[in-house]
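Right, one structure below, let's go through it.
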Amino acid sequence: MSCKVTPPMEETITCCTCATPWHVACLDSPPETIAYTLQWQCPDCSGDPLPSAAVSVDGSSGKLFAAIIAIEADESLTEKEKERKRQVLLSERVEEDGDKGEGKEKQKESSVLDVLDGSINCSFCMQLPDRPVTTPCGHNFCLKCFQKWIGQGKHTCAKCRSTIPAKMASHPRINSTLVSVIRMAKLSNSNVAAGPLKVYHFIHNQDQPDKAFTTERAKKTGKANAASGKIFETVPPDHFGPITAENDPARNQGVLVGERWEDRLECRQWGAHLPHVSGIAGQSNYGAQSVALSGGYEDDGDHGEWFLYTGSGGRDLSGNKRTSKEQSFDQKFDMVTLFEL
């Protein structure tokens, strides 16, 4: 506007060609009738002199106006096609103007405030609300800012002056939906700034090697840092009873009585004992699906159709004594566990 003042909507008129609002008081020849305002063209589009000599048009703006006039003069185009071409011209101009912005403008584009369009900012601190409270009129506040405002005896919205209900003033509630929106916007913004996500590779069971293996990341020799090989049996982790042929797709015979394995990792692969360590595999309220007696107590023993398992306890495992096999106190038998052979 040549008057350097932002006029109200009632005192502006919109050009039918470029859809630009103009201040009626700044025009040398304003429209005389209401009907004429529907087809009024601004001085830039009509070619008339500008209302003030102080207002100048640069070269790029002159090219834009000339292109719009050429589109309007083309009788082969329909109204919709003219409107579409005008929109393309204006959007290209906006993109050119946007490329010139640097510094703070670029930071603003990449900020969370720009993602949320600044529409949910707290009306007091003008930041994303911390523990947001939304009033019935639709405005958002930080919980602390809202409580401070109410504590001053003010029971109207700080933005639109609408009355705040007494129940909300005394017991403000956090807007959980808005909390989720802010959290997701922050996460998406941090992911863009952090770059591409790290890719984690997963090896399916059928692609695993037949034996337990170690990688170059292993810090200990042997199988201390070994990963399990392929699981050959299809039984669930809490399987009770014998492992039959239908659970053995590789050999079609199941796990037979008397089979031997090299170590505990092989016991795991064949479904005999899933944990990598000896002891009971199960829960006290559900039962024990397997028991490994290796490395246990002297009284433990396997007698074929039955075995003796004395349990655990009696050894001091505090500090660096986890390899101690000496009994320092009596074992305790606290609960009964069901074993199914």
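Each Cβ is built from the backbone N, Cα and C atoms, and glycine gets one as well.
Listed in TrEMBL for this protein:
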| type | residues | note |
| --- | --- | --- |
| REGION | 90-111 | region 'Disordered' |
| COMPBIAS | 100-111 | compositional bias 'Basic and acidic residues' |
| DOMAIN | 122-161 | domain 'RING-type' |
| DOMAIN | 250-341 | domain 'YDG' |
Across the domain 'RING-type' (122-161), DSSP labelling yields 9 helix, 7 strand, 24 coil
Whole-number mean pLDDT, the domain 'RING-type' (122-161), equals 87
